[in-house]
Structure formats: structure tokens, C-alpha cells
Amino acid sequence: MKGMILFISCLLLIGIVVECKEGYLMDHEGCKLSCFIRPSGYCGSECKIKKGSSGYCAWPACYCYGLPNWVKVWERATNRCGKK
């Protein structure tokens, strides 16, 4: 019984520590990375380059899952797109 409780506790701890980020990728200007006229699989490739687990075109921008915490993703509160 103690072993089962320890096992479940470890799983919960791993879930907290291995938390990953998700969101819209940004271009060099701080805007969402567009996929409007890109080929199929473009967003998945871009997400993999950023070490994400997967991604897709959430028209019209690339959305990624499983990104490391160092990757900057677009956020409404800190949006700098088109601003100087």
C-alpha cells in the first residue's frame, strides 16, 4: 500500500515538474507566425525547430504544444505586434 501511494505521488510530482508551454509562435516583430499561405506541415516543422512536441495551423497562425519554457509565445497582454 505504501508503495502504491509513493508511486502515485511520484507521478503527480513528475506532472508538475515536466509542465510544458503551448501557444502561438511569434515572428521577429512580435506578431503571430502566419501560416495563411504556407504548405501543409509548415507549423509542425516550425514547432519542432523550437523543440515543441507538435503544432498545427490554427488559421491564420501557428499554434504549438509542448514548448520549452524559454520559447516566447504570443500573449494578448504583452502584444507588441505593429507597435513601435
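Each residue, glycine too, has its Cβ placed from N, Cα and C.
Among the candidates C20, C31, C62, C64, the disulfide partner that Swiss-Prot records for C47 is C64. Of the listed residues C10, C20, C57, C57 is the one Swiss-Prot pairs with C35, by disulfide bond. For C81, the disulfide partner named by Swiss-Prot from the candidate list C10, C20, C31 is C31. All protein chains included, C62 (disulfide bond) registers 27 other Cβ atoms within 10 Å of its own Cβ. The Cα of C57 (disulfide bond) lies closest to that of C43, out of the disulfide-bonded residues C31, C43, C64, C81.
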